[in-house]
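Chemist: Below you will find the structure I want to go over with you.
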Amino acid sequence: MGSSSSSYAPKTIYLDVEGKVQRVIFSRHCSPCDIRELLLTSSNMARNTAILLVDTEGALISIDPTMPTNSPNNLYKVVTHSSQGGEKEDMFQNVLSQVAEQFSRAFRINELKTEVTNRLAMLEKRVELEGLKVVEIEKCKNDLKKLRDEMTSRGGARVNCNCKYNFTDDGKKLSPRRDVPSYPKYTLSQETIEALKKPTFDVWHWEHNEMLSCLEYMYHDLGLVKEFNMNPITLKRWLLAIQENYRDNPFHNFRHCFCVSQMMYGMIHLCNLQEKLTMTDMCILMTAAVCHDLDHPGYNNTYQINAKTELAVRYNDISPLENHHCAVAFQILSMPECNIFANIEPESFKQIRQAIITLILATDMARHGEILDSFRQKVDNFDFTNEEHVKCLKMVLIKCCDISNEVRPTDVAEPWVDCLLEEYFMQSDREKSEGLPVAPFMDRDKVTKPTAQIGFIKFVLIPMFETVMKLFPQIEEIMVQPLRDSRDHYEELKQIDDAMSEAQKKKTESMSLGGKKK
């Protein structure tokens, strides 16, 4: 407030009247008439006296906005002219009026200048402060980045959970291939084509380029490329982008993606779904299977939520991984070079997108009971013309395919158990080091292969597949019976393990007693 009050202070000038200096103080409220009266009064002149202001060099003052600073020390000489009338008097009166008018105007302008100057000074101060804030913000950002990098280098970074595709990192985006993908074309034999349609397909004998060729064949064989007018080159680019965005995890990797997609393709043929569902449904089932675990970090939702990772925070602890898989899938499809749906109507794409999201979100095992119960309520009176019934069926189908390894022959299925346990142990070791809760079925000190599988097969897999069997009886021999055989296999292994543990326990006790007798 103090800085602005000076603009309202009175103005002082000094008049040299016949060698005698007079001080005149002007208020900001003075009118031209008031200024004229003050000049006459300070000079002891009659009201009919005409006066002119000249500077100390004798020149007539031309009063303009800078006038108050034109004369050193604000000293002005007053020249008087007294007249009883006539043209000269009129002239001097007119000049005096103009001088007073200009003096008043200049005084007001000067006040305005002072106020503007003060305001500019305040604004400059604010700009300077804001500039300092920006510098501080940038410094904080740099410090946070250094801290994040340091945490990552030490292997203890929880924030990003090492996600390959990080939405907050502008410099780390998917780079589409604008050339024709270079993976070698694998020509499928008739034997391979027939094997692809069966759950017994051995997924371990194939390189990545061969799996890509198999997926490409599936889209052509089901008529999806023709139905949705897909550019074959775009299909290749899309599949390659998919493969590149699966990580090299022990279990949740591109081979798992292929395994689930191949099982979906097999179930479509086994259950004659092409006769019961639409081409759009076929496309949704296959595409959701291909994309369902994109950029899986190797640590499940429980870890994400307990560790408060970036994914858990972004998705409010609601299926963070599945939401992330969806986001990456449609980030890939958003690139023109990889958009296999570029040639369909926007409304059709909107429906396909929503359905794919629904299916991928259904793979969250936290929703297993909810989804299976919903399907059980519909299966006895299932209606393929009912959208809700079909939607529920598609959710159950992708769930079946996602956890279908035990449907396959033992020599194909058992290596997957080793891969899954390896990933589980990596997570539990990290949870222990970070002081987070550890699930018993993931603890390397508590779980064995038989104990890990028996409960899962008995209480998750068999009940779900037997429910699907009510709608498609043909899957019993090819899919349900292998699950029962697998359950029996692991129960036998558990009996052997228990017997060996009991024998070892007795041996240890015997040795202990023998030591005491001595």
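Each Cβ is built from the backbone N, Cα and C atoms, and glycine gets one as well.
According to TrEMBL, the domain 'PDEase' annotation covers 176-497. The annotation AMP binding site is assigned in TrEMBL to HIS252, ASN253, PHE254, ARG255, HIS256, ASP293, ASP402, GLN453. The active site, proton donor annotation in TrEMBL covers HIS252. Feature annotation from TrEMBL assigns Zn(2+) 1 binding site to HIS256, HIS292, ASP293, ASP402. The Zn(2+) 2 binding site annotation in TrEMBL covers ASP293.
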Chemist: Mean pLDDT for the domain 'PDEase' (176-497), rounded to an integer?
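Modeler: The predicted confidence over the domain 'PDEase' (176-497), as a mean pLDDT, is 95.
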Chemist: Identify which of the binding-site residues HIS252, ARG255, HIS256 has its Cβ surrounded by the largest number of other Cβ atoms within 10 Å, counting every protein chain shown.
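Modeler: Per the Cβ count, the most surrounded site is HIS252.
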Chemist: In sequence order, which residues at least six apart in the same chain have a CB under 8 Å from the CB of ASN253 (AMP binding site)?
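Modeler: Residues satisfying the criterion: TYR246, ARG247.
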Chemist: Please report how many Å separate the Cα atom of PHE254 (AMP binding site) from that of HIS292 (Zn(2+) 1 binding site), as a whole number.
Modeler: 11
Chemist: Radius 10 Å, atoms counted are CB only; among the binding-site residues ASP293, ASP402, which position scores highest?
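Modeler: The most densely surrounded of these binding-site residues is ASP293.
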Chemist: Around the Cβ of HIS292 (Zn(2+) 1 binding site), how many other Cβ atoms lie within 10 Å? Please give the count over every shown protein chain.
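Modeler: So the number of other Cβ atoms within 10 Å of HIS292 (Zn(2+) 1 binding site) is 27.
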Chemist: If you draw a 10 Å sphere around the Cβ of PHE254 (AMP binding site), how many other Cβ atoms fall inside it, taking every protein chain shown into account?
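Modeler: There are 21 of them.
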Chemist: Just to confirm: which same-chain residues, 6+ apart in sequence, have a Cβ under 8 Å from the Cβ of GLN453 (AMP binding site)?
Modeler: GLU406, VAL417, SER486, TYR490
Chemist: Within 8 Å of the Cβ centroid of the Zn(2+) 1 site residues HIS256, HIS292, ASP293, ASP402, which other residues of the same chain have their Cβ?
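Modeler: Checked against the 8 Å cutoff, the neighbours are HIS252, CYS257, VAL260, ALA289, HIS296, THR363.
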Chemist: Let me know the largest Cα to Cα distance in Å among the AMP-binding residues HIS252, ASN253, PHE254, ARG255, HIS256, ASP293, ASP402, GLN453, as an integer.
Modeler: 23
Chemist: Reported as an integer number of Å, what is the Cα distance between HIS292 (Zn(2+) 1 binding site) and ASP402 (AMP binding site)?
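Modeler: Distance (Cα to Cα, whole Å): 9 Å.
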